[in-house]
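Report on the following structure.
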Amino acid sequence: MEGYRGFLGLLVSALLVGFLSVLFVLIWVLHFREGLGWDGGALEFNWHPVLAVTGFVFIQGIEPSPVKLTYPCYTRDLWGHYGNQLAQRDIAIIVYRLPWTWKCSKLLMKSIHAGLNAVAAILAIISVVAVFDYHNVRKIPHMYSLHSWVGLTALILYVLQHGFFVFLLPWAPLSLRAIIMPIHVYSGLLLFGTVIATVLMGVTEKLFFVLKNPSYHSFPPEGVFTNTLGLLILVFGTLIFWIVTRPQWKRPREPGSIPLQLNGSNADGMEGAVAISSAHSMDAADDEGAARKRTLGLADSGQRSTM
Ligand code: HEM
């Protein structure tokens, strides 16, 4: 894999910054705010940023499978000969990086992939339930802010998009998949960016609401600390964007794959082409099965296929 060390460095940095963001949001609510609880009051509101950042930013950020690592391994080829082959493994999920997972079954890896998606969505939904409940108890109107409009739209689209890809796409005709994949890739990135913007708006709103004495503009420690949290989230997003948009870290075409040409796509399938693996992107990682699989499409236009 080209620039493998650079990739690893960026991946570790992204994980570190993402982890720090989660830590910072926890310190914010536990140290600077009242803490956590489910009482309809401020403690319940505090679950909102904690779960939003953990699920919708951190887990959603590390979850996609945008790139594949190609690595040599001793395995059997198409014709049953043993020897050093190139095998592939999704690398965006940190657990995939651990060598002991490389022999795990495809079912397990798919379950982890689907599970992380589900966890991200569930945490985001609970975070929104917490703030709705808080507004109900305090008799604060719902959905009046730009933050809430953008945030709820992003959440609904995220759930719809993943529901569609998990339950409907496998049965869709190839031609439809060819049209949808680039949109899926694009909307995945767009949603992630939108979530980061939503979080930054939410953090700023909250600081304006609560920092009265001393006020936000007098640089109180909570304001400086939380501004730093916002910067960390921005850096996390920047790193993830960079990783998933590097062409050299795109998933390589799999052996035996047939480029699926759409109007306007080139031979490499880089523009407008689709990456559809017959058994979803993770399947290719199975050492024995990968070469035999009937792969339908191919060059990954998308760095961020969550299939
Ligand atoms: C309110 C979504 C992250 C602060 C809301 C509401 C929604 C929402 C739908 C409206 C609740 C209602 O009207 O009853 C989201 C989503 C987030 C997110 C999807 C994740 C991306 C955050 C973060 C903070 C925050 C990290 C930081 C503290 C607030 C505040 C309110 C609020 C202060 C109440 C004021 C308002 O309605 O705008 N959020 N939020 N949000 N959120 Fe978020």
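Yeah, the Cβs are placed from backbone N, Cα and C, and that goes for glycine too.
A mean pLDDT of 85 is what the model gives for the domain 'Cytochrome b561' (13-245). Among the features that TrEMBL reports, domain 'Cytochrome b561' is placed at 13-245.
Away from its own ends, the transmembrane segment (6-30) comes close to residues 36, 46, 49-50, 53-54, 57-58, 61-62, 67, 91-92, 94, 97, 222, 225-226, 228-229, 232-233, 235-236, 239-240, 242-243, 246, 249 of its chain (Cβ-Cβ under 8 Å, at least six residues beyond either end). The transmembrane segment annotation in TrEMBL covers 6-30 (among others).
Per TrEMBL, transmembrane segment is recorded for 114-134 (among others).
As annotated by TrEMBL, transmembrane segment applies to 146-171 (among others).
Residues annotated as transmembrane segment in TrEMBL: 183-204 (among others).
For 224-244 (among others), the entry in TrEMBL reads transmembrane segment.
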* Restricting to the same chain and to residues at least six past its boundaries, which positions have a Cβ under 8 Å from a Cβ of the transmembrane segment (114-134)? -> 38, 40-42, 44-45, 47-52, 54-56, 59-60, 62-63, 93, 140, 142, 151-152, 155, 158-159, 162, 166, 306
